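Take a look at the structure set out below.
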Amino acid sequence: MLWLCVERWTVGIRGAESRGPLIEDGRRRVYLYSSCYGNESSIRQCDIIGEPGDCIGRYYHHVTCSESVRLVDGAGLCSGRVEVKSNQSWASVCEADFDRQDAEVVCGELGCGAPAALQGGLYGEGGGQTWDKEFQCKGKESLLLDCDTSDRENNTCLPGNAVGLTCSEPDDVRLVGGGSRCAGGVEQYDQGEWRTVGARDWEDVAAVVCRQLGCGSTVSVLPGNTTRWFGVSCSGSESVLRECSRIYDLYSGFTVICSDLLVQPDISLTDSMGGVSRGHQGPEMFRGYSFTITCSTQPQYPGGSFLLTFTGSKISQTQPAVNHSAAFLFPAADDSHQGNYSCVYDNHVFSHDFSSESELLSLTITASPLPAFIIRHVVVVLMLLTAITTSYLYYKPTRRQKRVNRVSSMDLYVNAMEMVSLSSRAEAGPGEERAAQGTE
C-alpha cells in the first residue's frame, strides 16, 4: 500500500486506485512529491519533487496494487481479459476454469463493483501462456490466490475462450437525507464506512455525483451541517467521484439536488364492465365502454399534481395528487380516444419545480361484438340471477327441516283453532255454552 503526494497523476497501474485519509495510524506510508505521465514502468521513473514530508495543500492518492490478478485490454481498471500471475509472468484464464464466484473475488480484489459480464473472448486472446488450474472460489475470499484450485480436466484452451470480465463501478457514493436517491448530503464509502464528503468547489463535485448516480444534472448545491471528514477536488468532467483527487484540507459537507429528483410515475388503465382486452400493441377498449386511466407515483414528497397528456392532441387534463395518485374517468370510449397517453408528475420541492414523465400507454379503440346496451342488460340479468341463486341455496331447507317445519306448522294451526274456539265460547255466555253442551 502506497501513499503518494502528487502534482500530476496518470493511472498506469493495473490495480485498485482510491483515496483515503492522509494521516492514518497503523499503516506504512510513503510521502513523495511526484509527477508521473503514465508511460513509466516504475514509480522510480517519475519526477520526484522535494523531500518526504507533509502533503499540505496538494493532492494525494492511495493505491492498492494486486500482485496476483489483473484485467487487461479493457476500458479501465474494472474491465478486461483476466490474467493471473504465474512464475513472474502473466497467464490468461480459460473460460471453462472460471465462474461467477471467481469473478466476484477478482472484482473485489481490484476494488471494483459486482461482476456485470463474464464471457470467453470478450477482450481478445492473450499472447502468452494459459493458467493451468481451475479456480474454485466461494465468492467471499479477499484474494484470488486464496481460493482453492484443482487440476484442469482439459489441458488445452481453445481460441476465443480466454475469459473476459467486466466489473461494475463500485457503488461507493450516495446522497442521504433528501427523500430521494438524487438529493441529499454527499457520502462516500471509504475503508469500511460511509463518510461525509466535503469540497471547496461544490458545483464541480456535484456535477460528478449526479452523473455517477444517473440522476441527471445539478439543480442546486446547498451548504450542509454534517460533520466534515475529507475534501474532494474535481474538475467536473469526471465520470465517477473516485476519479477526483482527495485533498488534505478538510471542508464541511454539502447537499446536492439533481434534476432527476422524482421517480418515474406509473400509468395504468382499468374498466368496470369488462370492455378492455390486451392486444399486441397494448390495451384495447370497446366503443361505448367507460374506462379510467390512473397516474401514480411513489410516496417521496407530499402534494404535487398529475398531467395526463394525449399524443397528437392539445387536450390534456390535470388533477391534484391525492395519496400520490389521480384517476381520469372517460364515460364512453370512441375513436377520438385512440392514441398514446402519458402521465407527468409535477411537484415543487427544494424551491424548484420538478417533473417526471411515465412511459407511454398505447390505447386502441375497437368495435364491440355486441351493442353496449345489450351487454349492459345481460350483465344486469346475470347479476340478478346470481343473487337469486345464492339466496335460494342459502335458505333452501333439508328434507328433515321440511318435516319439522310441517309439524311445527300443524301445531301452530291447532293451537290457533283452539284459541279461536275458546274466544267464541267466552263471547257466547254460560247459557249458550250449556245449550251447546246439551246438543253435544
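Including glycine, each Cβ sits where the backbone N, Cα and C put it.
Curation does not apply to TrEMBL; its annotations are automatic.
The annotation domain 'SRCR' is assigned in TrEMBL to 69-168 (among others).
Cβ neighbours of Cys147 (disulfide bond) (same chain, under 8 Å, six or more residues apart in sequence): Asp102, Val105, Phe135, Gln136, Cys137, Lys138, Glu141. Feature annotation from TrEMBL assigns disulfide bond to Cys137-Cys147 (among others).
Taken from TrEMBL, the feature domain 'SRCR' covers 173-272 (among others). Taken through DSSP, the domain 'SRCR' (173-272) splits into 14 helix, 47 strand, 39 coil.
Within the same chain, residues at least six positions away from Cys234 (disulfide bond) with a Cβ under 8 Å of its Cβ are Ala199, Asp201, Asp204, Val205, Ala207, Val208, Leu241, Glu243, Cys244, Ser245. If you look up TrEMBL, you'll see Cys234-Cys244 (among others) marked as disulfide bond.
The annotation domain 'Ig-like' is assigned in TrEMBL to 265-362.
What TrEMBL records for 373-395 is transmembrane segment.
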Fewest Cβ neighbours within 10 Å, where candidates are the disulfide-bonded residues Cys137, Cys244: Cys137
